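Quick look at what TrEMBL annotates:
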type     : residues : note
COILED   : 206-233  : coiled coil
COMPBIAS : 68-80    : compositional bias 'Polar residues'
COMPBIAS : 97-107   : compositional bias 'Polar residues'
COMPBIAS : 340-350  : compositional bias 'Basic and acidic residues'
REGION   : 59-122   : region 'Disordered'
REGION   : 340-375  : region 'Disordered'
Amino acid sequence: MPSEGRCWETLQALRRSDKGRICYHRDWLLRGEDVLEECMSLPKLSSYSGWVVDHVLPHMQENPPPSETSASPRSTSALGQPSFVPKSPVGDPAFSPASSATPNGTTDKYESQHTEPMVLQSSQGIKVEGCIRMYELLHRMKGAEGLRQWQEEQESQARALSEMASEQLKRFDERKELKHHKEFQDLREVMEKSSREALGQQEKLKAEHHHRAKILNLKLREAEQQRLKHVERERLRKEEGQIRLRNLYALQEEVLHLSQQLDATDQRRDLPRVDLSAFRTRGNQLCGLISGIIRATSENGFPTAEEQAVAERALQEMRDLLVNLQQEIARACEDRRRQDEEEAQVKRQESQVQQGPEVRKEPPASRQGPGGKLNKDLQVKVQDSTMQWYQQLQEASSQCVLAFEGLSNSKDSQAKKIKMDLQKAATIPVSQISTIAGSKLKEIFDKIHSLLSGKPVQSGGRSVSVTLNPQGLDFVQYKLAEKFVKQGEEEVASHHEAAFPIAVVASGIWELHPRVGDLILAHLHRKCPYSVPFYPAFKEGMALEDYQRMLGYKVTDSIVEQQDSFLKRMSGMIRLYAAIIQLRWPYGNRQEIHPHGLNHGWRWLAQILNMEPLSDVTATLLFDFLEVCGNALMTQYQLQFWKTMLLIKEDYFPRIEAITSPGQMGSFIRLKQFLEKCLQRKEIPVPKGFLTSSFWRS
């Protein structure tokens, strides 16, 4: 058909036109495609174009629109020019069934939108486009109808599935409830069964418990009876122990009283010349034996029956000793009386004869001991010169205390503050003495020397000087000496090497301030009378606690300190004394002699060897003294020193061993082994911690 060919020519012309090259889509903005890229690609016809050409255009040729018949030649020659059309060909009866109404019964929106005339480039293009739009609208309507039907089907299926799920849920709940009911029934049956078994087990346990309770009650009654018996035995033991302890104290008091009677007998001048030293020696040994038993008792709690028997035998021996002494004195008095009578009778005969020449009298016999041997018995009391020196030092210490009594007892707050500052300035530097370095030791010495010289020193962030109070110097000297001795009692007792740095500072201060040295000796003799050496005697009427304090023991609330603690303190002070007598301050004047040098140590050793040993005390102090000062004494006295060591081994060791109980042999064995090793090597080793030249260069 010519119209069909012309239509295809039109389509080809449109395809070749500039506008036809543009790919136009109404939803291009939603797709987000590149417009320019589509412009460059070849134009494509719609997928509905073939259908439109085959089915729509023939109907349009049968009813040509009026615009074609009346079109001017100009319009036919120029298809690209715009023209006015009244409406789209969708009003053709061929399309009435599809476009008459929408599924909802409303008029198609497409018709209402094209009621007004439009300016088009070509009528054929408009027709084709209209057909395309109608076809798309038709498909949308069919899709909407299909979607609606699908939705209805889905809803009906969903309702059916929901009803089925609801029924299944009901069945599931019923089965679950039935299962829970069965489980509950089973659980209740199990619990009832367990309860019955538990009740049976409980009854069984009750029976067993009742049986065991009976057995335990029997055992408890037996244990309570045993405990009561034990408590009763312990009470009886304590009562017997206290009785034995009181008896032991009474025995000691009686022994000391008998010892005083022995001493009183020795001091009588009207008695004949009788050697009483053996009685005194044995009396002192018996006193030491009972004192050792009491010290051991203070450590163990109560004395045993064996210890009480030993003390009673010692008392009986002391009584026998006093009786023998009195008999000896009585025999001596009788011999003297008889000798006096004989001498008087001779004189009477001589006077009767009245001879001219006088008879020369023979000289009296020399005072010798039994068998013509010299008396080798040791003494108990200290020499008179040493005792006088001891009393002078104690008197000087008492005068020093009286000198600063006003400062000590002052109620004034300013005076109390000065006293506290001075005490800190005096004691804190001594507490800081150690073996760290010689330079640090020199700083401490200079600080103490400056304080004693009246110069201000820093203490606790404040400037302190003894010139702040007229009694300040006496107070500082006393407290300083007391602190030195306390360091020996505590620090040296725990760390033996600390004796040397403390001693060298004390020796230097002693050399520059002699009064401080005298106060050091006074404090040392008061706390450790064995450093004199001095064994205080028990006086009649003296309390036992006071006597124990005189011996150096600490007594707190009527409780005497343990023997180990007592020996440890005495050891520390003897070690400090032994270090002081051999050391000098290296920065002092070497031309001056030591204020209290080795000659005093030699005197102490000689005097303690001339006195009766004390159980456990003498051996401990001799070991500490020789270990610290033995090397210096060996260098100074050489052969004489070794003779003294042999004397200790051969003569003094048996005396110590005779008065030492088996439980107190530790100190004696230690001294014996030390001395035997030194005699074997012929050398006393340098004490550990001795200050060398390298110490002062540090």
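Cβ atoms here come from the backbone N, Cα and C positions, even for glycine.
Unlike curated entries, TrEMBL annotations are predicted automatically.
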Checklist outcome for this item: Averaging the pLDDT values of the coiled coil (206-233) gives 89
Checklist entry - By a Cβ-Cβ criterion of under 8 Å, what residues six or more beyond either terminus of the coiled coil (206-233) are in contact with it? => result none
Next on the checklist: As a quick check of your reading of DSSP, tell me how many residues in the compositional bias 'Basic and acidic residues' (340-350) are helical, how many are strand and how many are coil.
Outcome noted: 11 helix, 0 strand, 0 coil
